[in-house]
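Take a look at what TrEMBL says about it:
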- 1-28: signal peptide (SIGNAL)
- 24-78: domain 'Pyridoxamine 5'-phosphate oxidase Alr4036 family FMN-binding' (DOMAIN)
- 161-231: domain 'Pyridoxamine 5'-phosphate oxidase Alr4036 family FMN-binding' (DOMAIN)
Amino acid sequence: MEAASCGCLGIQCPLQALFLLSACNCRGFEEDCDKIQINTDCRSRKIEELKHCPFAEICWYFTDSWEQFRINGTIETIDGSNPDPRKLQQREKCWFASSLNSRLQYLGPNPGLPRLNEEPPKEVILDRSIGPVGAFCVLVLDPEQVDYLNLKSNQRLVFTSTHATVGYNGRPSNRTLIFRGFQGDTDKIQIHTDSTSRKIDELKHCPFAEICWYFTESWEQFRIKGRIDIVDGSNPDPVNLQTMSVDFTFDPVWDVEMKSIDEREKSWFARSPRSRLLYLDPGHPLVDEESPKEVSIDPSAGPVDAFCLLVHDPEQVDYLNLKSNQRLTFTSRHKVNGDKWWTSEKINP
């Protein structure tokens, strides 16, 4: 799975219960069923979050086929204290299926805590025949709904199990979105979306979100927490709808006269005419199986009502490098005059 050009945006209320599985390493399915297995450290923060709210969503995006799978359901935690002997056997099987190097990670210091010693950790030797250590934990996701999207064929299907109860009830919700750059000279991240999509109602209910990027070549992960600002045609914020000067008066590519436009319009005209056609009515049942009628759009026309700009204002960045086994957190602070500055801290991977 490649996610270098895309990010997984998770929306959850309350923020304390936010749990994204977008960058976790799935270890396959449980035998003869559709339950997904994930190995993790029982000392990590996600375990406490799952005890508070046992619902989660996995988001997979495959760049070769342009397919996205959003799988949400209930998480079961299997650690060494589980009273079910079958679950303990399952945990042991997952342990021995892991490589020796991956097992060594569970012998390190508590993940997420500040590093007190800058010296490199001492070499640890682990007996291959020894069973799982106390920190090793298996998460089992029981899928309740799968939202499938194919961007090549422009098809979307929702598969729901008979016991699913998905709604605005504190369960996490994430999806793959394309990074559209930063806003001006700031660290705010821009994302384009449809104002009729479900994420807009979720953000109005709780404006906090987390972006998760994972770069497969460098083995780097960025988890970016912050607050989302919704910029649609009715946005009253003069900062987002202010007139912005541009350095050109004519765009020969789209044959559009560009004099002065607001932030939302600037994002609209930065898109190709074909991508602008996507802002129809996503997420609703398809009542007509016939091929949709061809729709044309005037390249000089401004943004349609459904076009929406999301602006993610970062508050904390959790950076993890799996090659160097380093992890840092960057936290934003605000000065008296409103300017933002960042502090960093090394923590255990």
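From the backbone N, Cα and C atoms, a Cβ is placed for every residue, glycine too.
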In the domain 'Pyridoxamine 5'-phosphate oxidase Alr4036 family FMN-binding' (24-78), how many residues does DSSP call helix, how many strand, and how many coil?
8 helix, 30 strand, 17 coil
What is the number of residues in the domain 'Pyridoxamine 5'-phosphate oxidase Alr4036 family FMN-binding' (161-231) that are helix, strand and coil, as DSSP sees it?
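When I sort the residues of the domain 'Pyridoxamine 5'-phosphate oxidase Alr4036 family FMN-binding' (161-231) into the three classes, I find 8 helix, 33 strand, 30 coil.
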